[in-house]
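Colleague: Just lifted these from TrEMBL, have a look:
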REPEAT    540-686  repeat 'CHCR'
REPEAT    689-831  repeat 'CHCR'
REPEAT    837-976  repeat 'CHCR'
REPEAT    983-1128  repeat 'CHCR'
REPEAT    1132-1273  repeat 'CHCR'
REPEAT    1278-1424  repeat 'CHCR'
REPEAT    1427-1570  repeat 'CHCR'
REGION    1618-1642  region 'Disordered'
COMPBIAS  1618-1636  compositional bias 'Basic and acidic residues'
Amino acid sequence: MAALPIKFQEIIQLTQAGIDPSSIGFNSCTLESDSFICVRQKLSEDATPEVIIINLKNNNEVTRRPIKADSALMHWTRQVIALKANQRTLQVFDLGQRLKLQSATMNEDIVFWKWITADSLGLVTDTSVYHWSAFGNSTAPIKVFDRNSNLSGCQIINYRVNEDDRWMVVVGISQQQGRVVGAMQLYSRERGISQAIEAHAAAFGTVRLDKAPLDTRVFTFAVRTAAGAKLHVVEIDHQPSNPIFPKKAVDVYFPSEATNDFPVAMQVSQRYSVIYLVTKYGFIHLYDLETAACIFMNRISSETIFTTSVDSNSAGIIGVNRKGQVLSVSVDDNNIIPYLLQNPANGPLALKLASKAGLAGADNLYQQQFEQLCAQGNYDQAATVAANSPRGFLRTPQTIERFRQAPQIQGQLSTILQYFGILLDKGPLNQIESIELVKPVLAQNRKHLLEKWLGENKLECSEELGDIARPHDVQLALSIYLQANIPQKVVAGYAETGQFDKILPYARQSGYQPDFAQLLQHIVRVNPGKGAEFATALANEEGGPLVDIDRVVDVFQSQNMVQEATAFLLDALKENKPEQSHLQTRLLEMNLVNAPQVADAILGNNMFSYFDKARIAQLCENAQLYQRALENSEDPAAIKRNIVRTDKLNPEWLINYFGRMSLEQSLDCLNEMLKTNIRQNLQAVVQIATKYSDLLGSNKLVELFERYRTAEGLYYYLGSIVNLSQDADVVFKYIEAATRMQQFTEVQRICRENEYYNAEKVKNFLKEAKLPDQLPLIIVCDRFDFVHDLILYLYQNQQFKSIEVYVQQVNPAKTPFVIGALLDVDCDESVIRNLLQTADPARIPIDSLVSEVESRNRLKLLLPFLEATLASGNQQQAVYNALAKIYIDSNNNPEKFLKENEMYDPLIVGKYCEKRDPNLAVVAYRKGTNDLELINITNENSMYKAQARYLLERADVEIWAFVLNSNNMHRRSLVDQVISTAVPESTEPEKVSVAVKAFLTADLPAELIELLEKIILEPSPFSDNGSLQNLLMLTAAKADKGRVMDYIHQLSAYNGEEIAAMCISVGLFEEAFEIYKKQDQHLDAANVLVEHVVSIDRAQEYAERVELPEVWSKVAKAQLDGLRISDSIGSYIRAGDASNHNEVIDIAIHAGKDEELIKYLRMARSSQREPAIDTALAFSYARTGQLNELEDFLHSSNVADIENSGDKAYEEGYHQAAKIFFTSISNWAKLATTLVHLEEYQSAVECARKANSVKVWKQVNEACVAKKEFRLAQICGLNLIVHAEELQNLVRQYEHNGYEDELISLLEAGLGLERAHMGMFTELGIALAKYHPERVMEHLKLFWSRINIPKMIHACEDAHLWRELVFLYQHYDEYDNAALAMMERASDAWEHHHFKDIMVKVANLEIYYRALGFYLQEQPLLITDLLQVLTARIDVNRVVRMFEKSDNIPLIKPFLLNVQTQNKNAVNNAINDLLIEEEDYKTLRDSVENYDNYNAVELASRLEKHELVFFRQIAASIYRKNKRWEKSIALSKQDKLFKDAIETSAMSGKTDVVESLLRYFVDIGSRECFVGMLYACYDLIRLEVVMELAWRNGLTDFTMPFMINYMSQQASVIESLKKDNEERKAKEANERREDDNTPILGGSRLMLTQGSASPMPYAQTNGIPAHPTGYRGF
């Protein structure tokens, strides 16, 4: 039996992978490619749903993930899964990165979906078809077309899209008339029309027809109707250049037993152009796509294959059946052709399939056919056969040679060209074919064909092919070498074409290691700039330098490329390693010699640490870089030698440099600086001394300045530290120096403000200095209390004016001491009086003045001053005190003054009087209420009567307590006077009462009672005084409680309520009860029994006796307070009192006395209709579980607050009762909340829905949140967040309760709602910004288009999420703000490549230049990269001006070199100036030679004056370029650059110029140059001129080589002419001889063995029509 033409195998059995058979079906198992199978499985209702992923490409690895979804689709090749939930919500996740890529919510259910491309999904709904990009920024699916009516009621089983996304087909099936009917909608996106077709399966494909330049797109579908089954293949989108594809329709065979079988799946193999058709019963059919011929049919499965997919190689199909078998079917390459050849009718099909797919089995047929065609001379067909041979087995060198030898028909393409044309149409050529085709193409200079074929990958690249192309185009050859992977040729090609920057990446990629040193030397000679870059790249290789750094430097120095060597070494030595010390030294040496400013910059940046510092320091000194010399020198002599050059040193650096020195070295250097040039260095020394004063010591520095007698230096040094110094000597020295500098104002300031100088020493110095202004001395003496010394000094020196100044201006407060000092020196009183008259009394302390004068017994001296002071309106108390003392001493009616005057201080004056007259002291103290002083003076002088009267009049409790204290030895005497004199004399009961209370407080009960009984019980004005009776009873209550009851019965004027309250306060409850009872105050009496006697039983007896309702109410309240709740309720009922129903209700409810409470409430309800009563009654029913009575009560008339009762029942957990309450009032909102607690969740939601109110949803949501039922809260929240006005409150609620994650979950769930609005996306973003900032970027990437971006921008700003802020600005098209934000928050948001991407979209051109400024400040090393991006958008001239202004042109040198190709004047000038400044004459030479947009004459004039000969040489070159030969030669002669002069003269091509220079060399005697001219300008020098000059100047020996060469050349020419003549003659003789010997008819020459005697030319040059591939004849 012949082998089958297919390969069939079972890849995996799903049930063996742990997949339940019930999960294997069309709706739960998906197969999108041969990489993954995705199964959605849920084993039971309680089980957790999961998605099982089987990786068919990784040993059938099984992955299980707990995912809740309706459907899941794995990506064709990536670890990306698409999920569908609730038929509308879509999400795409990257499983590898654990990242959500995309999400969307549809407005209608999705009935079918699948991956249609590697980037998008096709979604089929009941009405439309959508395409959804699973990657990128797009979020919403895009509607493509509407479904046709023919698909109504159909189950959609497939959706296909062709390769260019222009044709789509939806396939569905439905049960009709006992059979399955297929329906299909074919849609053309380009035309926007649909076609309804009856079909069960369909697919798109392409096929290449014979002699067709393009693929033909076809559409194939299969259908089984009641009449039969057909397979159709039709063309779509016909291409005009292609032949028309005829429609194909063939019968599909179904066995007789498969009556109900029908096609279910169709796939097209592009590799074989084979249609795979699978039927419901497991049959597979193979058809040729082009002819629709059936290749094979057989049954491969006994179960329905419900899903299929083409394999990744497009060779076969893979499918899953209901048993869980994963089956793979593909063409068997080894058997398909023999199988077809078994039927001779399939021969053409076998040949075509073998050719197309490169299959074995038909080689002999092709070989035979090829030989037959060649034998028949049908080379055109033979070429076609060879070109289409399977696997190209006929495409050999022998075939090429055979076609080359084939005869050519006149007017037609040669066979070989036809052969190549067919091969090009078919696909790529092999190596030999490529070489043979390219040779004649390049020979005819038709390079464009080669480029075209290479671009189309038609040629196989090889080294030989590149060698052929190299003479014609090096770049083209390089591309060939690259594709052929010929490393040595590629590197050579890069070097030859100047693409040096590509050499290293290529070498790294290919692993090829050329001789980099030799290569670098070549590059440096050709392009120094590129050479420097290449050397840097070699040194910075990650694996280590690829070339010896010393050798690189040698290469640069050999070319005098100091700048390039510097740049290279700076980069190579950036790691600053110890082993690179010699290179660091070498770098600095070369720059210190050639470019000191560069070395200065290198040293200034502290880039290196290991160079030879001594050597470099010496070179720095030679280059006048004294600062760098000091930085690197350790030699004290060298340091002293350089440090005195302060005019060459940066002052700030110099100051900091001293911080590195030792103490002794610093002082030595400062001394040297002053010694060498004190005028130049003094300022620097002062600054250094100031900064290091603490370290060097102020004493040593002062000594140093004094050594050179520089008061100026000392003044400025000490002036800088004196304000901070605490050294008294420093301050004193400064005062001395300031005095010598006549800086008297500064002396005054220091004396006034400084706290640390030696006052005594300064005072003495100022006395000796005898300053013209004594103010400094006055200040010192005033501050440090040397007033006495000051006045003595001024008085002795007759400086009375200074004394007046001191008193009037400096410190008037010291006037008393001045007066005292003047009195001590026996100054005349008139002087003192005059001085006092000039002083301001308001500023003089009168007390001190009086004290000073009084201490000297001269108090009367002040009387005029004091009287004048009063007359001037001065009301100071001290003035009156002084006058009082004077009047007392002079006995000038002092008692009247003391009694009548209100301005003096009684305490001071009283003290003054105590020893002089105690009575006057008592008057003063009484006036000032100086209690203690008065008591003391009266005690001392036994004035108890006066004291008693004062105390009674004063009526001060504290004073009474003081004098009645047991420690007072005068108490008895005082008490006697109080009882006998003061109290009887008093007519003011209040003051007597104060005295009585004082006695009581002093614990003198016996004395007090005696007093009070005498006053009250005995006849007196106070006998009927109720207040005194109250006091008596009070005293008795305190001192003798036994007398109180007698007083109650004896007295009647007392205040009963007050005394009763007093009795209660001291515990005399029976007395209080007796008082209330005596006055018939039954309620108060009962109150005493209840609250104080605490005898509820006596109170109850009392109530029964008086039988008053208010008493019963009082007793009831007491019983209630005593928690005798049942008795209390009985008492309330007896009293008929419902007034206290609120308290009764509260206490009874808390005590659980609901049954008794119900009785009370029924009583209360009979008299009152209060909501509180009805509410409590209803709630009591609830508490006692009397739900039936509760329902009856609620159904009856009542005024209960049912809602409040329901709320209370809800709060206390009586949820069933609460349910009754809320049901009775149809409060669905609270009923819903109650049902939540009854765990009737569904009913709660239903109630909320019945309410259909935002408020209800809010209440239910709040209740669920409070109970932490977040699932129900989310259901409610979803109905709230769709209302934009409620969203903010809901967000605040969750945040207030701290449920941030639940809030985020709610908002995320709401994103899929149909009514999802922008606010939801925005609030979710804000919540993530607050609580999960790491997720904000993901959210923004997914939903930025649906977010209120301005609001989100503020949130990101508040959360400091700068990267997200930039993202928002970018997607809000605010690229300007994005760029500004990145610059302003560079540390967080700036990223170079991202910034570049944004900058190209910025609208404000000024931001470009701000960005340049930003990079200049923050990232100067990246500024060149930024400029490359902005090159096309910026004004190059402005950039140049910008960097010229900031003096940063060197930073943008690469940019300038890059844009120099624009040949702009400003750029060229900037580069030329930079190169001149860098003294880079080599690059400057290249610049002026390649770019001419500059003022050549001006530049040349500038360069010809340069001090370096190389630049003058460039000037000569510029003159030469502008054909100013004489100027160029003159400049070269000036610099003795005779070689340049010789070259210039040779380039001029002018004999006169050459001969003039030749004569110049003869005149100066330069015989070598004379000889050089003879060789360089050989063709321009006349022989006679040379001979003349040689003869005249004796240069014959030197001209002899020229003469010999000239004569030799002449002889050679003559000899060549002679030889040519002889050869021509010999050839002619030979041709005559051959003609004589050749037979006329050709002799024995045989055509069969020798071939054509006159072969056709290889190619024709015209008459060849254009070929579709671009290939033409030659």
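Heads up, the Cβ atoms here are built off N, Cα and C, so glycines get one too.
Bear in mind that TrEMBL entries carry predicted annotations, made automatically and left uncurated.
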Colleague: What are the helix, strand and coil residue counts for the repeat 'CHCR' (983-1128) according to DSSP?
Modeller: 110 helix, 0 strand, 36 coil
Colleague: Using Cβ atoms only, state whether the repeat 'CHCR' (983-1128) and the repeat 'CHCR' (1427-1570) have three or more pairs under 8 Å that are 6 or more apart in sequence.
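Modeller: Since fewer than 3 Cβ pairs under 8 Å link them, the repeat 'CHCR' (983-1128) and the repeat 'CHCR' (1427-1570) do not come into contact.
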Colleague: If you run through the repeat 'CHCR' (1278-1424) with DSSP, how many residues end up as helix, strand and coil?
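Modeller: The counts are 118 helix, 0 strand, 29 coil.
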Colleague: Over the repeat 'CHCR' (1278-1424), what is the model's average pLDDT?
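Modeller: Taking every residue of the repeat 'CHCR' (1278-1424) together, the mean pLDDT is 84.
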Colleague: What counts of helix, strand and coil residues does DSSP assign across the repeat 'CHCR' (1427-1570)?
Modeller: 112 helix, 0 strand, 32 coil
Colleague: Taking helix as H, G and I and strand as E and B in DSSP, count the residues of the repeat 'CHCR' (689-831) in helix, strand and coil.
Modeller: 108 helix, 0 strand, 35 coil
